[in-house]
Amino acid sequence: MTAKAPRVGMISLGCPKALVDSERILTQLRMEGYEVVATYEDADVVVVNTCGFIDTAKAESLEVIGEAIKENGKVIVTGCMGVDASVIRAVHPSVLSVTGPQQYEQVVNAVHDVVPPRKDHNPLIDLVPPQGVKLTPRHYAYLKISEGCNHSCSFCIIPSMRGKLVSRPVGDVLDEAKRLVKSGVKELLVISQDTSAYGVDVKYRTGFWDGQPVKTRMTELCQALGSMGVWVRLHYVYPYPHVDELIPLMAAGKILPYLDIPFQHASPKILKLMKRPAFEDKTLARIKNWREQCPDLIIRSTFIVGFPGETEEDFQYLLDWLTEAQLDRVGCFQYSPVEGAPANLLDAAIVPDDVKQDRWDRFMAHQQAISAARLQMKIGKEIEVLIDEVDDRGAVGRCFFDAPEIDGNVFIGLEDGSTVQPGDKIMCRVTDADEYDLWAEML
């Protein structure tokens with residue numbers, strides 16, 4: 001009689017980088033014969049991959065750990081919040097193991113301790129696909145190119161959790177990308193803590209892929225990814241000068257004309273307090289130049305309002321900058337102090353919560369008007385749409401200016417008998433728009 005496969009559940013919180021970590025853990029466990037299940041009652045043990053970026057994320061992590069303990073009882077904790085195990089154990093002393101991010105072997109060993117792998121497991125029978133276990137839909141995947149960050153932004157504690165920049169070998173990254181494309185992935189989302197710093201830590205050394213030399217550098221990586229015939233979308237791009245080299249690749253259709261650049265603010269004073277580059281005037285000139293070279297370019301960004309020391313004048317400067325920049329996709333957060341962040345030690349006036357809320361409301365209204373106007377210009381144009389979902393009401397997809405989960409959608413009505421499926425790319429004509437989404441008809 002064959003022994004029953006041990007079963008593990010996974011809850012992955014936080015950013016796409018953490019999701020990739022969860023995929024790596026599950027891939028290893030699947031290779032050892034574990035079954036991945038979706039419910040507490042079916043799992044022999046539950047792994048919670050936590051987020052510790054801001055206090056609300058920590059609170060959510062603690063809440064989810066508590067729920068897993070209540071519903072299952074056997075819980076292993078990993079991820080960014082696991083850097084300080086004492087905080088987790090103070091609230092949930094019954095957790096079986098606590099580890100920080102990237103500690104894959106320790107997590108797998110902790111699972112072994114709770115529910116050992118089957119001794120009769122035959123890896124030739126329970127084959128794991130070459131691309132590994134993926135927690136995203138089959139048609140898109142995150143491609144993590146590095147870990148850690150060399151910056152010291154005053155509001156952030158990521159370097160203390162994930163360490164300094166460590167770039168993956170370029171050949172390994174491209175091999176993974178090729179496996180993903182071969183498995184049916186239509187969109188690669190390139191992620192890291194600082195995508196444009198890729199290769200800095202290894203002095204852009206030359207690696208090899210498909211027998212050809214390739215520099216460990218963002219531009220060369222993008223050139224190689226652009227040869228694979230799928231959408232390539234760049235996230236978490238820090239605006240170094242060499243980012244300019246990517247624009248011709250976008251204009252030529254090699255990679256998507258989409259840049260996710262977290263500017264965070266525009267006021268020179270606030271940027272200095274944040275320890276961010278304070279070249280907001282040059283940034284506007286660069287954006288103008290980028291769009292002249294690549295008119296289809298979409299720029300997404302995130303900002304923080306209510307940072308210590310932010311005055312009404314600083315905030316108005318930010319709104320005026322947004323008007324000039326005409327960014328396409330924008331997110332905004334109210335500043336929240338993070339334990340251990342250098343910003344807590346700033347000699348700067350704390351912005352009251354009601355003022356933060358007021359500025360957030362005004363920021364969102366201001367940017368919504370900009371986004372709506374920019375999307376209105378898409379009406380009547382033909383666009384290629386990657387389908388994410390299909391139901392009896394039609395299809396929901398994204399075009400090149402929409403990243404999954406964080407940007408807008410394209411809603412498409414389908415005729416009876418349509419064979420459109422998730423993962424298909426179809427041509428559509430835009431018929432309507434609001435501040436976030438588009439409506440279109442299939443051509």
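Each residue, glycine too, has its Cβ placed from N, Cα and C.
Keep in mind that this is a model prediction, so the values were computed, not measured.
Per Swiss-Prot, the feature domain 'MTTase N-terminal' maps to 6-116. Annotation comment: Swiss-Prot describes Cys15, Cys51, Cys80 as [4Fe-4S] cluster 1 binding site, evidence class sequence analysis. The annotation domain 'Radical SAM core' is assigned in Swiss-Prot to 135-373 on the grounds of sequence analysis. Here Swiss-Prot flags Cys149, Cys153, Cys156 as [4Fe-4S] cluster 2 binding site. Feature annotation from Swiss-Prot assigns domain 'TRAM' to 376-443.
Where Swiss-Prot records a feature, it is marked here on the structure.
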{"residue": "Cys15", "record": "[4Fe-4S] cluster 1 binding site", "contacts (Cβ under 8 Å, 6+ apart)": "Cys51, Phe53, Ile191"}
{"residue": "Cys80", "record": "[4Fe-4S] cluster 1 binding site", "contacts (Cβ under 8 Å, 6+ apart)": "Gly14, Ala18, Thr50, Cys51, Gly52, Phe53, Gly100, Pro101, Ile158, Met161, Arg162"}
{"residue": "Cys149", "record": "[4Fe-4S] cluster 2 binding site", "contacts (Cβ under 8 Å, 6+ apart)": "Cys156, Ile158, Pro159, Arg162, Lys164, Leu165, Gln193, Asp194, Ala197"}
{"residue": "Cys153", "record": "[4Fe-4S] cluster 2 binding site", "contacts (Cβ under 8 Å, 6+ apart)": "Gln264, Met274, Lys275, Arg276"}
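DSSP assigns Cys156 ([4Fe-4S] cluster 2 binding site) to coil in the three-state reduction, outside any helix or strand. Sitting within 8 Å of the Cβ centre of Cys15, Cys51, Cys80, and not among those site residues for [4Fe-4S] cluster 1, are the Cβ atoms of Leu13, Gly14, Lys17, Ala18, Thr50, Gly52, Phe53, Ala57, Gly79, Met81, Pro101. Under the three-state DSSP scheme, Cys80 ([4Fe-4S] cluster 1 binding site) falls in the helix class. For the domain 'TRAM' (376-443), the DSSP-based tally of helix, strand and coil residues reads 1 helix, 33 strand, 34 coil. Using a 10 Å Cβ-Cβ cutoff, Cys156 ([4Fe-4S] cluster 2 binding site) registers 22 neighbours. Summary of the [4Fe-4S] cluster 2 site environment: with the site residues Cys149, Cys153, Cys156 set aside, the chain residues having Cβ atoms within 8 Å of the Cβ mean position are His151, Ser152, Phe155, Ile157, Ile158, Pro159, Gln193. Residue counts for the domain 'MTTase N-terminal' (6-116) under DSSP (helix as H, G, I; strand as E, B; rest coil) come to 55 helix, 22 strand, 34 coil.
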